[in-house]
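According to TrEMBL, the feature transmembrane segment maps to 6-25, 37-59, 65-82, 94-123, 157-183, 227-249, 261-281, 302-321, 327-350, 395-415, 427-448.
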């Protein structure tokens with residue numbers, strides 16, 4: 001009967017039990033409530049402790065957990081992107097998009113600069129560009145950090161995926177403990193907003209059928225339809241990556257490296273295809289060829305939330321103690337300075353660029369770009385429980401716009417890999433220079449949107 005219980009099923013059961021225990025501990029232990037520790041994060045640390053490298057109680061395999069993280073990341077992104085919501089490019093949203101890209105770049109500059117210095121001095125065996133994992137682990141989360149780190153690992157970089165998971169986990173710690181510290185320090189200096197601004201937040205959940213949606217009592221379950229859409233898009237992603245890999249194969253080792261990089265960015269392809277599918281469905285509705293809305297926001301939120309909960313739990317449980325032992329000092333140095341810089345820049349942007357809702361923007365930005373959007377929203381809810389300000393909208397909608405603004409960064413991140421595989425260390429410095437130049441452009445974008453707002457106000 002063991003053949004009927006394959007490892008993937010047992011892993012799902014173990015992760016589910018860990019999430020249940022994590023949720024129970026969060027409800028019962030005041031310390032966890034105070035520091036806003038997500039249940040998935042608690043579950044992940046329990047899995048790490050119970051795993052084969054420590055207590056050996058839970059038969060979890062690090063490689064399999066990494067595979068789950070890889071795929072759940074894309075499923076979560078596709079589900080989020082399929083949600084039907086207005087994408088209005090208001091000025092706060094545009095400013096947020098420029099801020100998000102600026103955070104990625106600052107984290108990348110700090111991470112790369114530090115790793116170059118450390119590799120040239122006291123850690124000669126360190127991959128000189130490993131610090132570029134920082135904006136992925138902090139700004140994007142464990143899925144992206146593992147995906148890109150694993151791609152580097154396939155090219156010969158030691159512990160790339162493990163370092164990505166470790167940095168992402170430390171980012172969660174910064175988001176929770178550091179976020180609560182910031183909230184307590186800034187609450188009296190910048191009191192929370194009390195007046196409702198704008199319309200209902202894009203972060204609000206939908207709890208029933210909206211007008212035009214396929215009735216939940218239809219012959220096919222609504223959840224099945226959402227999984228069908230996600231599966232169809234993921235199949236398109238797989239086919240695209242297979243096709244691109246075949247086209248790159250004649251280039252030899254260079255083509256293989258490029259193909260590996262593309263497989264690491266599977267979630268980007270998934271997001272793009274989800275946008276295309278949503279545009280097509282909206283077009284079909286406008287011309288009358290489709291009478292129902294098949295993408296149900298409530299169900300898609302549940303699917304994405306489930307995917308990200310299991311992804312975070314698996315990511316933390318997959319941390320390798322061997323990686324920590326071999327790289328703890330450079331990881332600690334890079335993440336500490338990265339966390340401090342993120343806190344400073346979040347406060348600077350909230351005060352100098354957004355000017356209103358300073359506390360809300362600071363906590364939302366800091367929590368999101370050291371942890372994930374869920375930790376950012378959790379911190380925001382401590383001072384804005386009903387999402388009455390525009391901050392939640394800015395985080396959600398600005399993140400979508402930032403994906404396109406940050407696309408060149410995804411290319412820049414892979415220049416050091418070429419330098420590593422071809423023995424050209426000068427490409428590390430080229431990468432650093434490109435990051436600095438790109439940061440100057442995004443800061444200009446932030447300042448420009450602020451000045452255009454002043455000009456518009458004075459002209460009224």
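Yeah, the Cβs are placed from backbone N, Cα and C, and that goes for glycine too.
Between the transmembrane segment (157-183) and the transmembrane segment (427-448), the number of CB pairs under 8 angstroms, six or more residues apart, is fewer than three, so the stretches are not in contact. Here the transmembrane segment (94-123) has Cβ contacts under 8 Å with residues 129-135, 138-139, 329-330, 333-334, 337-338, 341-342, 345-346, 349, 353-354, 365, 369, 394-395, 397-399, 401-402, 405-406, 409, 413, 416, 428-429, 431-432, 435-436, 438-439, 442-443, 445-446, 449-450 of the same chain, all six or more residues outside its ends.
Away from its own ends, the transmembrane segment (395-415) comes close to residues 81, 85, 87-89, 92-101, 104-105, 108, 132, 135-136, 148, 202-203, 261, 265, 268, 271, 364-365, 368, 373, 376-377, 380, 427, 430-431, 434-435, 438, 442 of its chain (Cβ-Cβ under 8 Å, at least six residues beyond either end). Within the chain carrying the transmembrane segment (261-281), a Cβ under 8 angstroms from the stretch's Cβ atoms is held by residues 70, 73-74, 77-78, 81-82, 84, 143-144, 147-148, 150-151, 229, 232-234, 236-237, 240-241, 244-245, 290, 293-295, 403, 407, 410, 414, 417, all 6 or more beyond its ends.
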